[in-house]
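Read through the structure below, which is laid out as structure tokens, and then see the notes.
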Amino acid sequence: MSAYQPDEFEGVPTDAAADLAGVPDAFQRLWTPHRLVYIQHGQQPDEHSCPFCRAPEMSDEQSLIVARGEHAFVLLNLYPYNSGHLLVCPYRHVATYDEATPEEVAEIGELTQIAMRVVKQVSRCDGFNIGMNQGRIAGAGIAEHLHQHIVPRWALDSNFFPIIAGTKALPRLLGEVRQEIADAWPA
């Protein structure tokens, strides 16, 4: 694709009705309508229905938890971008990073570092995407409970986003990945 030239797209409609695949502009798009369904349906949990509040009440195998700390825990993402995609969550039901206590912030950071070391060891990944989507407008699927994503990446991983027939090929089952990471987690 050539570099964007401002006059190259003059006269191209930019309103939502014209924002269809094939309308030329300077951007490529990845359409993920399945993600919108996930974000819009049932994703305003209170403390009683929140999956991140319920997870610590279940067994580690059932909830996909790989490690538990005093203020936060680590679990596999049920809808991973890649194998080994982890989430670090405080036990307390808080929505944003600025609502977290200093103890929660410190432990989230510590667990993130350990998770990176462990995932690097077991998966031989080449890098990570790490981040938090704060609020629904920022793309948080479960905006009401703070969680940090740790997504392992590999050189030439062309499977990061599912763009062919809405299919995501993950080479391993979640339970297997959880067990491998949990087994490698330092005591």
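Cβ coordinates come from backbone N, Cα and C, glycine included.
TrEMBL labels come from automatic prediction, so no person has curated them.
So that you can see what the record holds, here are the features copied from TrEMBL:
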ACT_SITE  HIS147  active site, tele-AMP-histidine intermediate
BINDING   ASN77, HIS149  substrate binding site
DOMAIN    51-160  domain 'HIT'
MOTIF     145-149  motif 'Histidine triad motif'
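Neighbour list (HIS149 (substrate binding site), Cβ cut-off 8 Å, at least 6 residues apart, same chain): ASN77, HIS85, LEU86, LEU87, ASN129, ILE130, GLY131, MET132, ASN133. Of all the Cβ atoms in the protein chains shown, 18 others lie within 10 Å of the Cβ of ASN77 (substrate binding site). Summed and averaged per residue, pLDDT over the domain 'HIT' (51-160) gives 93. With a 10 A radius on its CB, HIS147 (active site, tele-AMP-histidine intermediate) counts 21 other CB atoms from all the protein chains. Helix first, then strand, then coil: DSSP counts for the domain 'HIT' (51-160) stand at 39 helix, 25 strand, 46 coil.
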